[in-house]
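Chemist: Swiss-Prot feature annotations, pasted as is:
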type	residues	note
ACT_SITE	H387	active site
ACT_SITE	D391	active site
DOMAIN	3-78	domain 'Lipoyl-binding'
DOMAIN	115-152	domain 'Peripheral subunit-binding (PSBD)'
MOD_RES	K44	N6-lipoyllysine
Amino acid sequence: MAIVDVKVPQLSESVAEATMLNWKKKPGEAVAQDEILIEIETDKVVLEVPAPSAGVLSIIVKNDGDTVVADEIIAKIDTEATAGAAAPAAAAPAPAAAAPAPAAAVAAPAAAGGVAMPSAAKLMAEAGLSAGQVAGTGKDGRITKGDALAAAAAPAAKAAPAPAAAKPALQQVSAPVDFAALGDRPEERVPMSRLRARIAERLLQSQSTNAILTTFNEVNMKPVMDLRNKYKDRFEKEHGVKLGFMSFFVKAAVHALKKFPLINASIDGNDIVYHGYFDIGIAVGSPRGLVVPILRNADQMSLADIEKKIAEFGVKARDGKLSLEELTGGTFSISNGGVFGSMLSTPIINPPQSAILGVHATKDRPVVEDGQIVIRPMNYLAMSYDHRIIDGREAVLGLVAMKDALEDPARLLLDL
């Protein structure tokens, strides 16, 4: 008998532990090399653990919901066993297969709308399945990729939940709760995911550790919009990506950070660490919550490079494919609440960074130019900063530098 250990993959230095989500194989079942055995969740990403070798899954050491650390053994595979040897074990439950009706009854609670894993959510969207049409077998009823594949391949399974079609509004609720089934004054206690718990912890840490102050300014977006409208078609044809506004905000931020290095610095104990590089975090929404992937060396990136990377981050965040490396580090962050219609906000600093820029919705507003009232597309900028190391002067002038660069994009080319 040759036994191979299945171990938790390497986690980043900032991730101490992970949670086992859902085993896709049972002891005694045959596995192929690189076949996904389980998904584990860290406070940053969901990782898929593949089988290191082909064989038979002989022992599961860690169960769903268990907390594990990097390199910890979670299962063992017998590489000398064959699929044929595993067949008797798989055949044993055959009598249960003759009674599918109870299984359908058990699946009914899933109509409450189990939380779909990122990989499952993509498959469900492609197959036109709602959460109420898929029975979640993961922890706390979570819908796994295997659940989504099974539901998509079974036409009968799609037709069964038809009575639940009268409750489409439940799909707008993020919690996996069927409130209609809980009485007149419903409540449901749902445990936080590891990512949500980590977000809560870091936000509280930021509020309690940093001396947060926010400065505001308004920017006339007409010059950027005119430039974009003039070149957007040629830009997309040349670079294969649409010219958005975030690349201009990133460039304007880097422009200001070069002028005011303290905004790009961080505190380490009693020291101020000045970073000679510009790694810009871009806040991105995902099915699991807000994540902040990093644009490395943003000062060396073109507008096209930035737009391509942000688009890539959006797809990866939606599919749960962002790597730990992409989510680690950063010297400054940008949060764009404008995509949701936000007019104004006070963003919270992402530790250990010392500042964050909040971008909002661009709206036509009356402004005074040369004594005349004119209509201009205006955007309110908000920069929160750690007042422990950044004085008001640097913060205000830094935000003004961003404003000036956006109102005269030629400054970005001339480095003025």
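Cβ coordinates are placed from backbone N, Cα and C, and glycine is handled just like the others.
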Chemist: Among all the protein chains here, how many other CB atoms are within 10 A of the CB of H387 (active site)?
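Modeler: Cβ-Cβ neighbours of H387 (active site) within 10 Å number 14.
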Chemist: Measure the Cβ-based neighbour count of D391 (active site), defined as the other Cβ atoms within 10 Å of its Cβ.
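Modeler: A count of 13.
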Chemist: Determine how many residues of the domain 'Lipoyl-binding' (3-78) DSSP places in helix, in strand and in coil.
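Modeler: So the domain 'Lipoyl-binding' (3-78) is made up of 0 helix, 38 strand, 38 coil.
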Chemist: What is the pLDDT of the domain 'Lipoyl-binding' (3-78) when averaged and given as a whole number?
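Modeler: The predicted confidence over the domain 'Lipoyl-binding' (3-78), as a mean pLDDT, is 83.
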Chemist: Where does D391 (active site) sit in the DSSP three-state scheme?
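Modeler: The residue in question, D391 (active site), is coil (DSSP, three-state).
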